[in-house]
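Participant: Sharing a structure below in structure tokens format, with a few things to ask.
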Amino acid sequence: MQLKNSWLTYGSAFLVLLCVLPIAGLLYTAAGESAPSFEHIKQTVLADYVVNTLHLMVLVGILVSVIGIPLAWLVACCQFSGRRFFNWALILPLAMPGYLIAYTYTDLLDYAGPVQTTLRSWFGWQSPRDYWFFDIRSIGGAAVMLALVLFPYVYLMVKANFMAQNASLTAAARSLGYTPFKSFLHVSLPIARKAIAASVALVLMETLADFATVHYFAVNTLTTAVYDTWLGYYDLASAAKLSAFMIVGVLGLIALEHFTKRQSKISTDVKMSSTPLTYHLKGKYNLFAFGFCSLVLVLGFAIPAITLLSYAVDYWQEVWTQDVFEYAYNSAYIAICVAIISLLVALVLNVNLRWHSDTPTAKSKLSLGMLPVASMGYAVPGTVLAIAVIIPFTVFEHFINERFDAMGWTMPGLFLTGTVIAIITAHIVRFVAIANNGVKASFAQINRHYDAAALSLGHSPLKQFFSLHWPLLKRSAFVAALLIFVESMKELPAALLLRPFDFQTLPTFVFQYASDEQLEQAALGAILIVVVGLLPLLYINRSINKTVK
């Protein structure tokens, strides 16, 4: 099917250019002359920033593997008390942003918190010198906090892999006298290693992108370095150079994820059943499985959620203010704009790809390359994207203001960087990949014979899309838009760095009060962020379970 209307190709190329322009501008600025601030950072603390970042990523990678992989195998391959409940409940921590769990556990475990206060009253301790207690404000503490909310990435992806594995392999291991643990170690785990690598790579990208948790714990990483360099030294060029370091790491993680995806095909030639063979755990093994799942769920979701709810109830008069709902409206407005625009961009790019790829040999290289290029921003941390967006926007604003001034007109001022347009743009660049992946997967399930039949009936490409493709795509499109809405509602770094004067979103509102050690005042806003993230997570888990059956 050859496209006669070249406007779609040009339009798609223009949209991809807009998505890539911020990152290209960032790299161009980073390649410029070295700034004095960057030279000072490079000679003094840059090595510490890099080491701390790598240290944090290694710790989080180990922790999410230790937590997520056993949970995935227990739920996918074993029968134990509460299995059906834990199957969906273990994804709940993903609705809890890392910075929220960091705030709540710091309130609970800090020196003045209820845990240490209770211990001192019980044992008569007078000062920190009388006892040892885990320092929550440390790299180790940050790693634990991030692992508790990011392990569901590993849990979901590896669970899907375990559930899709050939049941005959487990049956063969059982016939050879393998115990459940030995079967897991020697059969299930090696088959799932590529899915594990892909999921851990995704977690590492999220760890690299985290700002609020490490900033709150005073852990100096590359993310906080970008923030401090921009707002502390007011040096955009140095911030761009630091951002380039992070982009190099991101590209390596993207390469790892794509490699593992290409290699992670599971052999399913012979199946003894439509579902993997399960082990029925009894006695102490059943108790261990139930206890392990319960402990992770309590630490990753129940304790933070209950703490926030108790704060909201205890400080009801202070937290129930009109400001909270104004900030919720601001967040929802931005998230809706981002979701709609991202979905429209994804539809244009995927329709263009569809019309140019009638057969594998006829695919346009240009159209094929547009989707991955447009999706690059998803792996870029929010602080880096904020820098990336501000650079071309500032150049464009200067150009427009100079033209207006030369013609004697009133200059428009900061019409991009001084409005929510900057935040919306940064979120679109980051989250358009979610829409691209969702729409692309749905298009792949539509038989091309339907397209040929529609063309034979004289349908134009536009009519073909609305009468044939859209009815089949709209469910996946809605899910993708919902996910983008949720991610945009939770996103903190870009909103914190790009927000206009006297403008707050829910994440920036919570961050401000938590930074002032007044989390109680922002409890209602924090609860709203968590609630918004729950429903799509449950829907995704249900879809995964249906897919692998």
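Backbone N, Cα and C define each Cβ position, glycine as well.
Okay, so TrEMBL annotates it like this:
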- 7-29: transmembrane segment (TRANSMEM)
- 49-73: transmembrane segment (TRANSMEM)
- 50-255: domain 'ABC transmembrane type-1' (DOMAIN)
- 85-105: transmembrane segment (TRANSMEM)
- 131-156: transmembrane segment (TRANSMEM)
- 195-218: transmembrane segment (TRANSMEM)
- 238-256: transmembrane segment (TRANSMEM)
- 287-312: transmembrane segment (TRANSMEM)
- 328-539: domain 'ABC transmembrane type-1' (DOMAIN)
- 332-353: transmembrane segment (TRANSMEM)
- 373-393: transmembrane segment (TRANSMEM)
- 413-433: transmembrane segment (TRANSMEM)
- 477-501: transmembrane segment (TRANSMEM)
- 521-540: transmembrane segment (TRANSMEM)
Participant: If I count Cβ-Cβ pairs under 8 A between the transmembrane segment (287-312) and each of 85-105, 332-353, 373-393, 413-433, which range comes out on top?
Facilitator: 85-105
Participant: Taking pairs 6 or more apart in sequence, does the count of Cβ pairs under 8 Å between the transmembrane segment (238-256) and the transmembrane segment (373-393) hit 3 or more?
Facilitator: yes
Participant: Hey, would you say the transmembrane segment (521-540) packs against the transmembrane segment (85-105), going by three or more CB pairs under 8 A that are 6+ residues apart?
Facilitator: yes
Participant: With Cβ-Cβ distances below 8 Å as the criterion, list the same-chain residues six or more beyond the ends of the transmembrane segment (7-29) that contact it, or say none.
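Facilitator: Contacts with the transmembrane segment (7-29): 236-237, 240, 243-244, 247, 345, 348-349, 351-352, 355-356, 364, 366-367, 370, 373-374, 376-377, 380, 384-385, 387-389, 391-392, 395, 425-426, 428-429, 432, 461.
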Participant: Restricting to the same chain and to residues at least six past its boundaries, which positions have a Cβ under 8 Å from a Cβ of the transmembrane segment (85-105)?
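Facilitator: Residues packing against the transmembrane segment (85-105) from afar: 71, 74-75, 136, 141-142, 145-146, 148-153, 155-156, 210, 212-213, 216-217, 293, 296-297, 300-301, 303-305, 307-308, 490, 492, 507, 510-511, 514, 519, 526, 529-534, 537-538, 540-542, 545.
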Participant: Are there residues at least 6 beyond the ends of the transmembrane segment (477-501) whose Cβ is under 8 Å from a Cβ of it, and what are they?
Facilitator: 97, 99, 209, 211-212, 223, 227, 230-231, 331-332, 334-336, 338-340, 342-343, 346-347, 381-383, 385-387, 389-390, 417-420, 422-423, 426-427, 430-431, 434-435, 437-439, 442, 507-508, 511, 529, 532-533, 535-536, 539-540, 543
Participant: Does the structure show the transmembrane segment (195-218) and the transmembrane segment (49-73) touching, where I'm treating 3 or more Cβ pairs under 8 angstroms (sequence separation 6 or more) as a contact?
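Facilitator: Answer yes, regions in contact.
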Participant: Ranking 49-73, 131-156, 332-353, 373-393 by the number of C-beta pairs under 8 Å to the transmembrane segment (413-433), which range is first?
Facilitator: 373-393
Participant: Restricting to the same chain and to residues at least six past its boundaries, which positions have a Cβ under 8 Å from a Cβ of the transmembrane segment (373-393)?
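Facilitator: Distant Cβ neighbours of the transmembrane segment (373-393) are 15-16, 19-23, 25-26, 29, 205, 208-211, 223, 226-227, 230, 236, 239-240, 243, 246-247, 250, 253-254, 345, 349, 416-417, 422, 425-426, 429-434, 436-437, 491-494, 497-498.
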